[in-house]
Amino acid sequence: MLLRFTKMHGLGNDFMVIDLVSQHAHIQPKHAKQWGDRHTGVGFDQLLIVEPPQNPDVDFRYRIFNSDGSEVEQCGNGARCFARFVVDKRLTVKRKIKVETKGGIIELDIRPDGQIRVDMGPPRLVPAEIPFQAEREALSYSLEVDGQQVELAAASMGNPHAVLRVDSVERAPVHELGPKIEHHPRFPQRVNVGFLQVVDRRHARLRVWERGAGETQACGTGACAAAVAAIRQGWMDSPVQIELPGGRLSIEWAGPGQPVMMTGPAVRVFEGQVRL
C-alpha cells in the first residue's frame with residue numbers, strides 16, 4: 001500500500017510526518033530505519049506519527065521514531081511540526097491542542113504570526129526520573145569518560161539530556177564526546193548530549209548530539225534542557241534565546257516545578273508517498 005507523508009523541518013531538524021488518523025497502517029521500527037536513510041529512503045532525523053488519542057482528555061497521540069528505528073519519548077522541534085501539520089491537514093480546527101507522547105502530555109499553541117509555542121511541562125531533575133545513576137539530585141555531576149572527569153547537568157524534558165558548558169561551540173568535541181556520553185552506563189536509556197556556550201545572560205549557543213540520530217541542526221528538547229541547566233546554575237535569566245546551527249528558539253522557565261515554554265517555527269517542505 002502507499003502511504004501519504006509530509007516532509008517538514010524545525011530549524012533544519014527534519015522530519016517525515018505520517019497521518020494515521022485518516023490513513024490506516026502498522027508502522028514498525030524497521031520502516032523508520034528504511035525510510036530514514038538519506039541515500040536510499042526519504043531521509044530524516046525523526047519520523048513523526050499522528051494517531052488518534054488513547055486518552056479522552058487529549059486531541060492526538062504523537063509517536064516519534066529516530067532514523068535508527070528506536071522509538072523515543074519526546075521531540076520538541078517535532079512537536080512544533082506536529083502542530084503545524086494537524087492544522088494544515090485540517091485534522092483539527094483548534095489553535096491550541098493537547099497531545100500525548102511517551103514522555104507525557106504537552107500543549108501546543110499555533111500563534112497568529114506562524115510561530116508555535118509548546119508547553120513542554122516541567123523538567124524532571126531527580127536522577128531516577130531522567131534516568132541517570134546518581135546518589136542524589138545536584139546542579140551538576142561528574143562523569144568519567146575515558147579516564148577523564150566531565151562536568152555536566154542532567155535533566156529530562158520527556159527524554160533524557162546531559163548538558164555540558166563549553167567556551168566555544170565551534171571547538172566543542174561534539175562528535176568525540178557525544179557518542180561516548182550517549183552510551184555511558186550511568187544513562188541506562190542512553191542520553192541526548194548538549195554542548196552549551198553562554199554568550200550573555202539572555203543568549204546562548206548550542207550544539208546537540210541526539211540519541212539515535214547523531215548531531216542535528218536543532219533539538220527543541222535539548223534547547224529546553226540547556227536553558228533549564230543555565231538558569232538553575234545562575235548563568236542565565238529567563239527568557240533565553242538559544243541559537244542552534246539551524247536557527248533560534250525562545251525558551252522561558254520560571255523555576256523548579258514550572259513548565260518550560262518553547263517558541264519557534266515549523267516549515268512544510270514537500271508532500272510524497274511511500275510504499276509500506
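Quick reminder: no glycine exception, Cβ is built from N, Cα and C everywhere.
What you see is a predicted model, and the numbers here were worked out from it, not measured in a lab.
Copied over from Swiss-Prot:
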- CYS75: active site, proton donor (ACT_SITE)
- CYS219: active site, proton acceptor (ACT_SITE)
- ASN13, GLN46, ASN66, GLY76, ASN77, ASN159, ASN192, GLU210, ARG211, GLY220, THR221: substrate binding site (BINDING)
- PHE270: site 'Important for dimerization' (SITE)
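Known features from Swiss-Prot, placed on the structure.
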residue	record	Cβ within 10 Å
ASN13	substrate binding site	29
ASN66	substrate binding site	22
CYS75	active site, proton donor	31
ASN77	substrate binding site	36
ASN192	substrate binding site	28
ARG211	substrate binding site	25
CYS219	active site, proton acceptor	36
THR221	substrate binding site	32
PHE270	site 'Important for dimerization'	9
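DSSP assigns CYS219 (active site, proton acceptor) to coil, not to a helix or a strand.
Within 8 Å of the centroid of the Cβ atoms of ASN13, GLN46, ASN66, GLY76, ASN77, ASN159, ASN192, GLU210, ARG211, GLY220, THR221, where the record puts substrate, the same chain has further Cβ atoms from ASP45, ILE64, VAL72, GLN74, CYS75, GLY78, VAL208, ALA213, THR216, CYS219, GLY222. A straight line from the CA of THR221 (substrate binding site) to the CA of CYS75 (active site, proton donor) spans 6 Å.
The recorded positions near CYS219 (active site, proton acceptor), taking a 10 angstroms Cα-Cα threshold over the set ASN13, ASN77, PHE270, are ASN13, ASN77.
Taken over all pairs of the listed substrate-binding residues (ASN13, GLN46, ASN66, GLY76, ASN77, ASN159, ASN192, GLU210, ARG211, GLY220, THR221), the Cα spread reaches a maximum of 17 Å, rounded to the nearest whole number. Taken residue by residue with DSSP, ARG211 (substrate binding site) is part of neither helix nor strand, so it is coil. In the three-state DSSP assignment, the secondary structure recorded for ASN77 (substrate binding site) is helix.
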